[in-house]
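Some notes on the structure that comes next.
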Amino acid sequence: MLSVRIAAAVARALPRRAGLVSKNALGSSFVGTRNLHASNTRLQKTGTAEMSSILEERILGADTSVDLEETGRVLSIGDGIARVHGLRNVQAEEMVEFSSGLKGMSLNLEPDNVGVVVFGNDKLIKEGDIVKRTGAIVDVPVGDELLGRVVDALGNAIDGKGPVGSKIRRRVGLKAPGIIPRISVREPMQTGIKAVDSLVPIGRGQRELIIGDRQTGKTSIAIDTIINQKRFNDGTDEKKKLYCIYVAIGQKRSTVAQLVKRLTDADAMKYTIVVSATASDAAPLQYLAPYSGCSMGEYFRDNGKHALIIYDDLSKQAVAYRQMSLLLRRPPGREAYPGDVFYLHSRLLERAAKMNDSFGGGSLTALPVIETQAGDVSAYIPTNVISITDGQIFLETELFYKGIRPAINVGLSVSRVGSAAQTRAMKQVAGTMKLELAQYREVAAFAQFGSDLDAATQQLLSRGVRLTELLKQGQYSPMAIEEQVAVIYAGVRGYLDKLEPSKITKFESAFLSHVVSQHQSLLGNIRSDGKISEQSDAKLKEIVTNFLAGFEP
């Protein structure tokens, strides 16, 4: 009888004003209710049993779910930083949305407020605006659909070709692979640049720093490397293909546009993704862009493919991070950078790896770029990144203006793991070249003080001048590895010692044309064998000797 009592109690509690009673509240028998007396009369007529069943049905069928959304309010806004009160359960690096539609990322989680960096123009936000959580850590689209596209740091297309069609998304701040999934670097990553492939070889899965002052050709090395991959990506062997991601941080829009045009003209955009956070973009986007590009590259790595990512340049990312940290009131350290600026770069570059076969056998190779001030490699950020990476290519302004391009300082440039990945053919011809060039630079400094030099020193100087000339290379003209081997062979075996240094470049051009047109089988053998056999050595010797005999510069 409990249900009957409940029904009677509800009837007694009905509001006296008829307008407050819903038509559907207690069934069709209450539609005409006007006051408490009328409702009691109808209740007696309908019967308490029927009333209780209607009430039970209504109670059981009620939807008790509540859609709760955690929101906060903007306490202050300025310089791209919003202080938000009320987001008590927000996660670190979670995406939040302002009432204006702008997105931001929570970075400082403090007891009474949250420090949010704004992805865009903070003039659209004002004090008191509502901020809501999205529940998602910052992520970007990844996949083959991004190839050939130019996107911003959040993965939105900015090339005017419509939205990116990828349905797969990946968090930007993923943890680097551990020790067990990795394997040592063992496959070569050909740049097509003689000086790099012979002296500082790079392997797939390596991190090789490109460092130098402004206007010394750092970006040119990176772009040449991308263009050189066309010869592998045009083939059918998936294991040889190398997908490229170029991350432009803090550069001019015109520079990025020229770069995209250059890659398009070279037919290299079809296997390249360009991630752009230009100088006019907000500092949080410049900070985020390298991580976004890295996630796109990791998609290929984790699917058994090979990828190359270029960060151009990480100095500007560090400056953007310093700006954000100081505005978030984090304590400054050396050169006003925050204490975790080393971790900023180490957690990014550690994600480049060569995976073992049980994890797909893919790789992600990183070429970070750092700009120095007046050649000072002992500054804070350069020393940090040098200690993280597996070697560096050091470019010098002095060499650049002497016409030695690429302007690589052989003495300071090193590859710590790349020699294991270098092809045997290149090792055979370039094994002693780095030592000879380093000795030449050392002796050349003393040679200008006097001319009384012994024959061995004069021979060293003579060979060094010719090898330096031989390693010069034009921009956007990468060479296949077998062509490099043929040219360097002529230099290190002493066939060019009697040729005037000024005629070396002309010799190289004519010799390459001759070998490519007349001796394609020899180049094919070097390419397929990966080494110079005795037959190939004898053939090369014969070709060089005969060509020099009839060479007229």
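Placement of Cβ uses the backbone N, Cα and C atoms for every residue, glycine included.
According to Swiss-Prot, the feature ATP binding site maps to GLN215, GLY217, LYS218, THR219, SER220, GLN473, GLN475, an assignment based on similarity to another entry. What Swiss-Prot records for THR219, ASP312 is Mg(2+) binding site, and it gives similarity to another entry as the kind of evidence. The O-linked glycosylation site feature in Swiss-Prot is assigned to SER76. The feature phosphoserine is assigned by Swiss-Prot to SER53, SER76, SER166 (among others). Residues or ranges marked as N6-acetyllysine by Swiss-Prot on the basis of similarity to another entry: LYS126, LYS161, LYS240, LYS434, LYS506, LYS531 (among others). Among the features that Swiss-Prot reports, N6-succinyllysine is placed at LYS167, LYS498, LYS531 (among others), with the record citing similarity to another entry. Annotation comment: Swiss-Prot describes SER413 as site 'Required for activity'. Residues or ranges marked as transit peptide by Swiss-Prot: 1-43.
Features as recorded by Swiss-Prot, highlighted on the structure.
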residue: SER53; record: phosphoserine; DSSP (3 states): helix
residue: SER76; record: O-linked glycosylation site; DSSP (3 states): strand
residue: LYS126; record: N6-acetyllysine; DSSP (3 states): coil
residue: LYS167; record: N6-succinyllysine; DSSP (3 states): coil
residue: GLN215; record: ATP binding site; DSSP (3 states): coil
residue: SER413; record: site 'Required for activity'; DSSP (3 states): coil
residue: GLN473; record: ATP binding site; DSSP (3 states): coil
residue: LYS531; record: N6-succinyllysine; DSSP (3 states): coil
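In this structure, the CA atom of LYS126 (N6-acetyllysine) is 8 Å away from the CA atom of SER76 (O-linked glycosylation site). Reduced to three states, the DSSP call for ASP312 (Mg(2+) binding site) is strand.
In this structure the residues listed as binding ATP are GLN215, GLY217, LYS218, THR219, SER220, GLN473, GLN475; their two most distant Cα atoms lie 17 Å apart. Contacts of SER76 (O-linked glycosylation site) defined by a Cβ separation under 8 A and a same-chain sequence distance of 6+ are given as ALA82, ARG83, GLU127, in order along the sequence. Taking the C-alpha atom of LYS434 (N6-acetyllysine) as reference, the shortest distance to any of the binding-site residues GLY217, THR219, ASP312, GLN473, GLN475 belongs to GLN473. Taking only the Cα positions, the spacing between LYS161 (N6-acetyllysine) and THR219 (ATP binding site) is 26 angstrom. The DSSP secondary structure for LYS161 (N6-acetyllysine) is coil. Take the Cα of LYS167 (N6-succinyllysine) and measure to each of the binding-site residues GLN215, THR219, ASP312, GLN473: the nearest one is ASP312. Taking only the Cα positions, the spacing between LYS218 (ATP binding site) and LYS240 (N6-acetyllysine) is 25 angstrom.
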